[in-house]
Every structure is written in C-alpha cells, then in structure tokens.
C-alpha cells in the first residue's frame, strides 16, 4: 500500500485513505522506503517496576477521567470528575471517535470498541454527560461537544464504556495454568529465567497467603478476565511435571498487571508447606459481581437506641456488642446502639454468591437462621486521626434479592433454606431494626467521628471492583443525639474532596483503616 493519508482522527489505519500497488511489485515504492513508526509508551507502560506502578496509582486522582469495572488494563466504564464528584456518561451518540479521545487521554492507543448499555457494569451516583460527540482530534473529552444530563434523560443501564488498544507487553508468556478442567482454571505456574538451552524454567507459587487479590492479578496477566477464586490447595489439579516452588509471600494490591509487580519474598522461597498440593491456583471468570452500599440510605436512617440488656442475649452470642458488654450486670441496664439500614446493590455483571456452599453454612439457633458468610460487612467509628473507637460486624444472616430493577427477576431468597446471593440489578436490604445492624457506641465519648461501612471486607468473594466497597460518613455525637451526614462511597469524590472530608493523613481514598 502507498499514499496513506490519515487525518489523525481514525481509530485504525485501515480507515485512512490509501492505495494498493497493482501489477509488478518489484517496481513498487521506487526511490521510497518502508514506513517506520516509533511509539511512546503511555504512563502505565513507561516502567514495569512495581514502584513505578505504585507512583502511577496516585496520579489518576489528578485527572478528570477514569475507567472502572474492566477486567483488563485499558477497558472499563468511563467516569468523569465534575465539581469534585465522579459520575458516568450516557451512551446516546457514543462512538469510536469519542471512545478514542478517552483512550488517548488516559495514555492508551485508539479505541477498539465503544461500549454501550452498561457493558462494563452500572455506575452509581450522578450521570454527568450525554450525547458526547468528539471529532477525534480533541486532546481531552472535555473539549468535545456534549449535553448536560436531565433527570429523565438517562439511566445507569445506559452507561458508556471503552476498550482501548494497549501496547503488547508479553506478560502472559511468563504465566500459565495446569491441571484445570478448562482454560479458566488450574494451578498457577510462572516462568523464572531460562535453562542452559534457553528454554523457560517453570515453577509453582506457595499457596500461603494466596487470596482473591493475588488471583485477580494472575487472571488479568493470563488475559482470562476476573478472579472467581484464589485457591491455597490444588491437590486435585496434580497433572503437571512442574514440582519446584519458586515464589512465596506473594501479596498484591489487586491493580497490578503482572504477578512480578506484586510484593514477594526476594532471593529465596519461604514456604511452610512445599508439597505441590499446597501450590496456588485460580479459577478465572469473564464476568464478576460488584457490590455497592446505598450511602444516602445510611444517612437517612441512622439513629440511637438504648436497648435493654435482657433483649440482647442473642446479639451477645453473635458477638455483636462491644467487649465491655461482657462485664455488664446482665440482664439489668442497657447498651447504646447506633442503628441504620444497609441497602447493598449488585451493579456488576455476575451474581454475588457466598463463598461457602450450603453444606457448610452454620445454623444459629438463637436467631434461627444460617450464616453463609461469617463477616459480610464491617462497621467502624473512627476518630478524625483514624483511631478506631467502636466497631461492629454483620454476618450474612441471609443474602437475598429484597428488590430488583423493573426488568430483573428475583432469583435468591432465604425462606425454606433457599439459595443465597444477590442477582445483578438487585439489592439486599438489612433493615435498621434487625439484630446486629448497629454499632455499640456505649463507650464512645461525645465528639466528631467518621462512620465507615465496608462490604466484603476480607475479599472472600471476588468482585470486579473493590475500591467502591467502603462507605464513609461524618458523625457528630453530643452524648444524646447523633448527626450523620456527608455519606459517600469511598471512591465517589475527588482526592481533594476526600482530603477535606478526612482531614488527616494516613487514610487514603479507597483504603480501609
């Protein structure tokens, strides 16, 4: 081909005007040379060191654009920062040209796909923009013509997303799975250098401490989507002749592109159980759930109750009271409880199911129900300097579809030992008046505090995005009444707004104290 004449707005070179040479190819390009390009890696790919990656993690807060909910680097739901709050874009008139402006602004190549109909999961909060119409030459999405959203104009089921072209880094050549029933599961094997003949030397990863976050990075590196499970024992996948443990102490934050970017023991393997049955494994999935707490409902329903001790025997058995309750003069006296409702939405692309199967659910005679997860949510009261002064937890007494969006049918209910879970597009409501839906603040002194609620705090169940699992509110307690205000999901505000909210160092955005 010759006479390629791109305008610069095209998303692929095949879309540019060009001509083919016809006839004898030996006379082609007389006096000319083959075209050569030199590409500059975007900021995420400029360094492969974990330190460089960590530095990059702090930078997106300074931008007004981010991608959420994607399994791979360079894909996700498009979110924009406006007036200190993150929101989504409506997919009306969403095109490859607009998607390419987003991709390039984030340091990727042009767009592979412009995604509509919340293909990367639904956002929560405001929808900031509608009918974005970029020409492709813009350096920023904010330079493109757009319309402000109206109340009835768009829903989160119409959130726009992108898949960007990214540099080929070859990360998937140094990891593989063995022994699984499908290509999405197996024991993890990693390449560590080469033997004398230049062949890659493969080894296993110690399963100690291996969990969902590490599995998420392995699945991303393999190009297999999200992590469904991170497994510490893999005796049932013993089908490979690779037996040497070569990596231990692997600890990932969850955002890394390769396991080599995660922390791990350097220079030596420190593993108590070195047998192959204790090697790390993964089960990957193309889709995942994504839980979010309805922050406004916490704010609307919070109140204080002085509950008599004689009504709290079951709660004490469930360990839902402060430790000082053990020394109370039972059954006389009372405990002061901060109560509120929790409405937990599944905005992902797969149902949220408890990690344990029903055969291992625990029956609690006192309350007359099964626990499918020992700790489903953490509740904390923090001082402005980050010290925890009160805490509570909520076991998943029952995960079920309390309500769903119009076109979604309920699938899970607890009655008659039914299946537990939260369907995509549904939510589970824990009302303020049920046991343990509280924080015991009997020992808390009057003052200004932060209320923090964290869903799935131990990452027991895989999600597409853990950064939105924490919700925070300002609290003012005068010893008699409590004011809860400014409740928001952990990643809903800009970094500057979060700093104003938290007013102390050490608790970075999206991080749980």
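Just so it is clear, glycine is given a Cβ too, placed from its N, Cα and C backbone atoms.
Marked as domain 'SRCR' by TrEMBL: 1-40, 65-165, 175-285. For 6-16, 90-154, 103-164, 134-144, 252-262, the entry in TrEMBL reads disulfide bond. The feature region 'Disordered' is assigned by TrEMBL to 47-69. The compositional bias 'Low complexity' annotation in TrEMBL covers 58-69.
Distribution of TrEMBL features across the structure.
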residue: 6; record: disulfide bond; CB count, 10 Å: 12
residue: 16; record: disulfide bond; CB count, 10 Å: 15
residue: 90; record: disulfide bond; CB count, 10 Å: 24
residue: 103; record: disulfide bond; CB count, 10 Å: 27
residue: 134; record: disulfide bond; CB count, 10 Å: 22
residue: 144; record: disulfide bond; CB count, 10 Å: 19
residue: 154; record: disulfide bond; CB count, 10 Å: 20
residue: 164; record: disulfide bond; CB count, 10 Å: 25
residue: 252; record: disulfide bond; CB count, 10 Å: 24
residue: 262; record: disulfide bond; CB count, 10 Å: 20
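Straight-line distance linking the Cα atoms of residue 103 (disulfide bond) and residue 134 (disulfide bond), rounded to a whole number, equals 12 Å. Same-chain residues lying 6+ beyond the ends of the domain 'SRCR' (1-40) with a Cβ under 8 Å from its Cβ atoms: 96-97, 99-100, 110-112, 135-137, 167.
Put simply, of the disulfide-bonded residues 16, 134, 154, 262, the one whose Cα is nearest the Cα of residue 164 (disulfide bond) is 134. In this structure the alpha carbons, written CA, of residue 6 (disulfide bond) and residue 134 (disulfide bond) are 17 Å apart. When Cα-Cα distances from residue 144 (disulfide bond) are compared across the disulfide-bonded residues 16, 154, 252, 262, the shortest belongs to 154. Of 90, 134, 154, 252, 262, all annotated as disulfide-bonded residues, the residue with the shortest Cα distance to residue 16 (disulfide bond) is 134.
Over the domain 'SRCR' (1-40), the average per-residue pLDDT in this prediction is 81. The Cα of residue 262 (disulfide bond) lies closest to that of 90, out of the disulfide-bonded residues 90, 134, 154. The two recorded residues, residue 90 (disulfide bond) and residue 134 (disulfide bond), show a Cα separation of 14 Å.
When the alpha carbons of residue 134 (disulfide bond) and residue 154 (disulfide bond) are compared, the span between them is 19 angstrom.
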